[in-house]
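Worksheet: the structure to be examined is printed underneath.
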Amino acid sequence: MSSEVTVTEHLLLQQQRAPQATGHFTSLFHDLILSAKIISRSVNKAGLLDVLGGTGDINIQGEKVQKLDEFADKVLLYRMERSGVLCAMASEEHAELIKVSAAFPRGDYILIFDPLDGSSNIDVNINVGTIFSILRRKPGKTGDVELDEVLQPGSEQIAAGYFLYGTSTMLVYTAGQGVHGFTLDPSVGEFLLSHTDIKIPDEGFIYSVNEGYWDYWDTPTREAVMYFKQPSSKEKVRSARYVGSLVADFHRTLLYGGVFMYPSDNRKGKMHGKLRYLCEASPLAFVAENAGGAATDGLYRTLDYVPLSLHNRVPLVIGSKKDVEAVANIYAKYK
């Protein structure tokens, strides 16, 4: 472990390499990291505090709101609105775009996040995480941010990543120049560089998909899953792994290689996919590509997609480049 390098030092080093940098991005990350530390503390004490279970509310996604979901969302909104570098935010838990109040300084960054991905698993102590995406508002724009400024393709992201709350708390992020991982050392309260320039293997031996939905899939999706049940090109038998927490399944795929799939199916509301583009599919696709991997909707590149709404859902196939391409080749036969 490169324990001598903190995330702040790493960010400042990156800032020095960019002559046009103003320090606003580093400031944004500082507040984002502080928010994650607060969330991590509550996640680690979840069994001892009154933060397990649901609130009784239903969010914009039609999902039951968990107490920790609500807590994480409030922490991020409170801390980030006061960062002085944002002009707007969007959260999985809110129907509308959240504009930074005129009572606070505003910048030109837009933060989009899923405050606690996988929160339905928190009661059984499964890894959860915070996924984030950072955009910059369009040049020349002033005043309140409009929705069209947020509906950008993933290729326009300034940075993206996630915090993973598990046996340890990790930050994995990219600003378009490599993917780096940091592990929180609770004894000093700092994220320390633990994974430098992460590269996903070209081909993996793990496929991850919820096969409980087999009866609801179309023919190309079934064929793709059957493909991964066969030995790989290296004649190695693949293993199936599915946690059910997107950020946990993706993190394993990033480090070990393979493919994670969340395809569309013919259930009500899932015909165009389930994962939210702006706060789930797009940021993870940005991480995957910067680590040498790939991400598609099964056929087309995820980062090229232009979302139509704040909570636009899409299918996702993400992971090792060869494995994602194999799925695309199967889908192309049925195009």
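Cβ atoms are placed via backbone N, Cα and C, with glycine included.
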Additional site residue, Glu92, Glu146, Glu149 [criterion: listed by Swiss-Prot with Asp114, Leu116 for Mg(2+) 1]: Glu92
Looking at the Mg(2+) 2 binding annotation from Swiss-Prot, with Asp114, Asp117 already listed, which candidate in Glu4, Glu280, Glu289 is the matching residue? Glu280
If I go by Swiss-Prot, which of Lys74, Lys268, Lys274 binds substrate at the same site as Asp117, Gly118, Ser119, Ser120, Asn210, Tyr242? Lys274
So around the Mg(2+) 1 site, Glu92, Asp114, Leu116 aside, which residues have their CB within 8 A of the centroid of those CB atoms? Asp69, Ala72, Asp73, Ser91, Glu93, Phe113, Pro115, Asp117, Ser119, Thr130, Ile131, Cys279
Need this for a regression test: binding-site residues Ser120, Asn210, Glu280, filtered to those with Cα within 10 Å of Glu92 (Mg(2+) 1 binding site). What's left? Glu280
Let me know the DSSP-derived helix, strand or coil state of Asn210 (substrate binding site), please. coil
Name them in sequence order: residues not among Asp114, Asp117, Glu280 whose Cβ is within 8 Å of the mean position of the Cβ atoms defining the Mg(2+) 2 site. Glu92, Phe113, Gly118, Gly129, Thr130, Ile131, Tyr162, Leu246, Val247, Leu275, Arg276, Cys279
By the count of other Cβ atoms within 10 Å, pick out the sparsest of the binding-site residues Ser119, Ser120, Asn210. Asn210
